[in-house]
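Asker: Annotations for this protein, taken from TrEMBL, read as follows:
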DOMAIN    A:28-180  domain 'Sodium/calcium exchanger membrane region'
TRANSMEM  A:30-48  transmembrane segment
TRANSMEM  A:60-81  transmembrane segment
TRANSMEM  A:93-114  transmembrane segment
TRANSMEM  A:126-147  transmembrane segment
TRANSMEM  A:159-178  transmembrane segment
DOMAIN    A:208-346  domain 'Sodium/calcium exchanger membrane region'
TRANSMEM  A:209-230  transmembrane segment
TRANSMEM  A:242-264  transmembrane segment
TRANSMEM  A:276-299  transmembrane segment
TRANSMEM  A:305-326  transmembrane segment
TRANSMEM  A:333-352  transmembrane segment
Amino acid sequence: MKKNLSTILLIIFFVFSAIAHYAHLNPILQFIVSAIAVVLVAGFLGRATENVAHYAGQRLGGFLNATFGNAAELIIAIMLLREGLYDMVKASLTGSIIGNLLLVLGLSIFAGGVKFKVQNFNVSLAGMNGSLMIVAVIALFVPALFLNTHSITSTEVDTLSLIVAGLLILAYIAWLIFSMFTHKTYLADVTNEGDDEHESPEWSKGRSILYLIIATVMTAFVSEWLVGTLETFTEDFGFSELFVGAFVVAIIGNAAEHSAAIMLAMKNKIGASVEIAVGSSLQIALFVAPVLIFVSFFLGNTMDIVFTTLELVAIMVSVFIAKSIIQDGSTNWYEGTLLLVVYIILGVSFYLV
Amino acid sequence: MKKNLSTILLIIFFVFSAIAHYAHLNPILQFIVSAIAVVLVAGFLGRATENVAHYAGQRLGGFLNATFGNAAELIIAIMLLREGLYDMVKASLTGSIIGNLLLVLGLSIFAGGVKFKVQNFNVSLAGMNGSLMIVAVIALFVPALFLNTHSITSTEVDTLSLIVAGLLILAYIAWLIFSMFTHKTYLADVTNEGDDEHESPEWSKGRSILYLIIATVMTAFVSEWLVGTLETFTEDFGFSELFVGAFVVAIIGNAAEHSAAIMLAMKNKIGASVEIAVGSSLQIALFVAPVLIFVSFFLGNTMDIVFTTLELVAIMVSVFIAKSIIQDGSTNWYEGTLLLVVYIILGVSFYLV
Amino acid sequence: MKKNLSTILLIIFFVFSAIAHYAHLNPILQFIVSAIAVVLVAGFLGRATENVAHYAGQRLGGFLNATFGNAAELIIAIMLLREGLYDMVKASLTGSIIGNLLLVLGLSIFAGGVKFKVQNFNVSLAGMNGSLMIVAVIALFVPALFLNTHSITSTEVDTLSLIVAGLLILAYIAWLIFSMFTHKTYLADVTNEGDDEHESPEWSKGRSILYLIIATVMTAFVSEWLVGTLETFTEDFGFSELFVGAFVVAIIGNAAEHSAAIMLAMKNKIGASVEIAVGSSLQIALFVAPVLIFVSFFLGNTMDIVFTTLELVAIMVSVFIAKSIIQDGSTNWYEGTLLLVVYIILGVSFYLV
């Protein structure tokens, strides 16, 4: 019943945003309907990925989850790239990273912590996640520093960006091998109370694959429609490109992860919430961002890896507080509160710029 | 006997510093007697708070301790605010934070570590303290960065300062709820050898409350007298406002915490020492500093939350080393030494500016 | 057999590089032969130290290891100091620190991790090492910050440098007392599989001492010959002084540590590898660098402690990632990979400057 409703809503908003786009309706209206459509399509894509993952087995399933999980962000970002909106691409990547590390993780830990006094998860995974986050920060920070303190040519910046991007993609592939093959059990989730549910797939194998393809195509379309409205939208409301990219686009693009992570935390599966929130931000930093640099290179105009100071600092402080909170493999409601406080401080600061 | 002596000394120095102040005696003399009076009054305030806490029960007692513990600093800072000495307020807040995290904590850990090989305390509390310190650093760092890298108006800086201050006060209230109500036992101290003493209160209930009121009023007076001498004092000795605020004022204002924390560490109650030292610095950052921003706002001239680069860096490095040392819930003499080395490096650097 | 071969090679390359130097042969040739000679002599010095350590007992042995372990770097640096090449001294110190923390530690953890799934070592030692690294970073960072943000005279910078250097040497001596006397067993290595080998000394007591003296003298000579070639070398290849100092000199100077640490990791003695890699970088920061500052002071022209921004950031990011990886006292191949990724990012960045 509930699922039928969401399917109907999905179709309605998809069609409605298509009409709004092609009929050049009021831009605010276009923005609103396409934003809702993105959220719904992202949810559909998430469900399709989960179902395919179910049939593909744990290992390949995990990989599919990892690859399709950020499909919406990746497609939105490619649309922005083609429009030459490099600054908004970086702002939305920043927003995805901090949105996952602070908002998604913060709400999950808070919601789970209100229900359960202390929630535990694999402390080795927490440690590895922390180190990966530090590497991601270093990879973004070092090139920015070199550019700001030395007179290096833009060709050199592009070269450095491509090399660092290549290294990050290799590190990400090595991480998939490590976490899905060589050290799968080492990183396995600890058992909390109420963990014993086994969920069966919603759809048949063939239907799951079909839906995955449909969902990906739909995501591409609604993402393009949404991006088309952002410029007018920012002009009308007077928000900075940075704020729109880092908060508006990022929250919409991560809507599916948000709800899934919070639900899991409230079922005492905080390890899965952490994996979604932290894992998703790591994918953005180690895979999506580097891939976009290569995409821009092949489109003929390399996007460099140099983020603005504000973006870098936002990513850095998010990583520091998230690392500090997850590193003992145990969470409580107050730790969720701290993440949300930092998110609001960053949000207000970005809004005021 | 010993207590009578300290009461007599307290009265003598209080009266003496009153005379020195109102009779406009030599400024150096004024500074010395009022500094001694502040130390004695702070000790008296501490004893009165402990006694009231005894009757009020553990929970309310903890809250009173938390609120009155930094009363001396708060009152000194308000006096400085009214004189418009915003830079010295920030310098003294900085000094309180780094003085507690490096000098008080360092001496406690060193003194305790010389007597006991390894001292342990609650590792969950250590982790939470670490995360709170990171949030405090972020709250000070982000606005400073925005101001330094962007042309934002002073009204916007004030708005941002008030919002961040409000968030920190909320975070502090939530911390009190967390640490005193929802997760009291989770953060309870581990038992070390020689922990089994039960101390009975010194005074009756009525007398304790009366003394608390008297001590608070006395603190207000001696603080004002001390602040009045600082300007002349800095001029005569050629010390910078930064050095006086961060080292002289801070050491005097925290004298009571210093001695209490070191005594407790030598009784193998290192958990209590950490709570005083780290807890006190957290109160300064999360409660005293934000309250001062609101006080200045109501006085008609908002003090912003933007500390100087040196102050920020001093706070940041103190937090990093303190977090690194306490995070495993276990200390030894060498860790105390490291904190003191960092304190001396900062002291020499501030002195040379 | 293998040992005879290395002795013969050592003598051949020592003589050859002497000839190349005094006969003013082609500078590239001079560089190559003296670089090989440095590697071989460093290995010989390492073996001699180990043998003397064997007879001197564990405690004095550890101290000798600590002091002679970085003898090659120290002697090279003094040669550079006498030539007035202060920038290259700092670059080579930076390179030694990051080379040990990223390359040596990374290769050891990777090689050990490929053979053994998870390798463990003393978690208290890991924590202490982390805190010491943070103190080293603070000691380098604070003076640099003061110089960059305040107009302080060069005399004040020299004073600050000498004071900080003195504090670091005291901290290092205290660390020796802590780790070799008061808390020796607290920091003892955990037992992994295959740990039970007892190695007997290669040489007699007298011969060991004689070889130690010869090796030190040889190191001094070949270091001087190597340094003499660097200028021409950098000019011909167009490498920056920074890159040569931080990567070429550092890799050559640490060759002995590199091979020893990797061998030990593959024998499942990861604790010893960490001690060599991290211990060696700590010695550079806490002992070698401060000693060089005093040496330059006595030579009449104090080298200040202010490193360039790039060097500081390279050291900082190396410390952050190394601390994050060792702090749980457990390593795996992926953590080694992450260290190597950061090393390559820094290497490429330094190369491009």
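Just so you know, glycine gets a Cβ as well, placed from its N, Cα and C.
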Asker: Between the transmembrane segment (A:159-178) and the transmembrane segment (A:305-326), are there at least three Cβ pairs closer than 8 Å, leaving out pairs fewer than 6 positions apart?
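Answerer: Yes, the transmembrane segment (A:159-178) and the transmembrane segment (A:305-326) are in contact.
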Asker: For the transmembrane segment (A:209-230), find every same-chain residue at least 6 residues outside the stretch whose CB is under 8 Å from a CB in it, and list them.
Answerer: 14, 17-18, 20-21, 27, 30-31, 34-35, 37-38, 41-42, 44-45, 47-49, 51-52, 68, 71-72, 75-76, 79-80, 83, 85, 88, 203, 244, 248-249, 252
Asker: What residues in the same chain, six or more past the boundaries of the transmembrane segment (A:242-264), come closer than 8 Å to it by Cβ-Cβ distance?
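Answerer: Residues 35, 38-39, 42-43, 45-46, 69, 72-73, 76, 87-92, 94-96, 98-100, 103-105, 107-108, 111, 226, 230, 233-234, 270, 272-273, 276-277, 280, 308, 310-311, 314, 347, 350-351, 353.
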Asker: Are there residues at least 6 beyond the ends of the transmembrane segment (A:276-299) whose Cβ is under 8 Å from a Cβ of it, and what are they?
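Answerer: Cβ under 8 Å, 6 or more out: 66, 69-70, 73-74, 77-78, 81-82, 86, 89, 93, 96-98, 100-101, 104-105, 108, 129, 132-133, 135-136, 139-140, 158, 161-162, 164-166, 168-169, 171-172, 175, 254, 257, 260-261, 264, 305, 315, 318, 322, 326.
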Asker: Could you give me three numbers for the domain 'Sodium/calcium exchanger membrane region' (A:208-346), the DSSP helix, strand and coil residue counts?
Answerer: 116 helix, 2 strand, 21 coil
